[in-house]
Amino acid sequence: MTRSALVTGITGQDGAYLAKLLLEKGYRVHGLVARRSSDTRWRLRELGIEGDIQYEDGDMADACSVQRAVIKAQPQEVYNLAAQSFVGASWNQPVTTGVVDGLGVTHLLEAIRQFSPETRFYQASTSEMFGLIQAERQDENTPFYPRSPYGVAKLYGHWITVNYRESFGLHASSGILFNHESPLRGIEFVTRKVTDAVARIKLGKQQELRLGNVDAKRDWGFAGDYVEAMWLMLQQDKADDYVVATGVTTTVRDMCQIAFEHVGLDYRDFLKIDPAFFRPAEVDVLLGNPAKAQRVLGWKPRTSLDELIRMMVEADLRRVSRE
């Protein structure tokens, strides 16, 4: 029997890579999409799968539309990737972030509990829940201390998933994913901001790159690797929570160096520090310990940061040269 999966946030970076993986595994893939005037499906087109997905109208803020999508798709698996996922924007849109990233998870879990209790559920949690770090490396037992409305909303989504698993016996797992990037990353995220700027500077269309805290350290991986961990979680007999990370941390400054060196430039000639890009509360270091995911799921990242950044720079060079 063909397995069916419902993916929220299917037009985002992770949703597109996950949809491609599921299609390759023979799934029938349903995507929850809100009606938007702007073109939101460009990532699915980039991967050549836009026409292979069954789209369901819905909005995570609207419980009724979420219920309709679950009933119509009759999925064996639901992957909740829908989110207002940019930390910086959550300071300007704290209520919207809370509704979508927090309350929206409850809408989906409640729909599964009522109408499809055998469905397996994946919740996209985030390393931003750790925030003000309480340990050198963060694992599944590290205390949470979120430092942004985004982190707080995601923590609600994480704990309501645990609550429904323990209270109602749902097969509901959370992946606590550390930063993961790709050529499909939104331009508002620092990695794409850097690789896009590198391409424009190399092609003579931009003179400088302005950033905030370049000493912040992040554990960066490739989104295409990380969606495999999501799928593996829902293939386990027992639902659980897993940190998904590389276990290696790099500063924003060093990431800039990798990107500029790929096109034969010195980042110090172009990087300018701009106080406007500093946040009200910064998370200085995020470093994940993926030992549990490696042990239980057999998952390991396959793409190094150097390979990832080079891949992104090359993609942006192609994009910018076509403009």
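Heads up, the Cβ atoms here are built off N, Cα and C, so glycines get one too.
According to Swiss-Prot, the protein has these features:
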BINDING   11-14, Arg36, 59-60, 81-85, Lys154, His180, Arg185  NADP(+) binding site
ACT_SITE  Thr126  active site
ACT_SITE  Glu128  active site, nucleophile
ACT_SITE  Tyr150  active site, nucleophile
For Thr11, Gln84, listed as binding-site residues, tell me which one has the smallest number of other Cβ atoms within 10 Å. Gln84
State the Cα to Cα distance, in Å, between Tyr150 (active site, nucleophile) and Arg185 (NADP(+) binding site), rounded to an integer. 18
Within 10 Å of Glu128 (active site, nucleophile) (Cα basis), scanning binding-site residues Gln84, Lys154, Arg185, I find Lys154
How many Å separate the Cα atoms of Thr126 (active site) and Arg185 (NADP(+) binding site)? 16
Using a Cβ cut-off under 8 Å and a sequence separation of 6 or more, which residues in the same chain sit near Ala82 (NADP(+) binding site)? Thr8, Gly9, Gly12, Gly15, Leu32, Met60, Val100, Gly104
Neighbouring C-beta atoms (10 Å sphere around the C-beta of Gln13 (NADP(+) binding site)): 24
Please identify which of Glu128, Tyr150, Lys154, Arg185 has the densest Cβ environment, defined as other Cβ atoms within 10 Å, among these recorded positions. Lys154
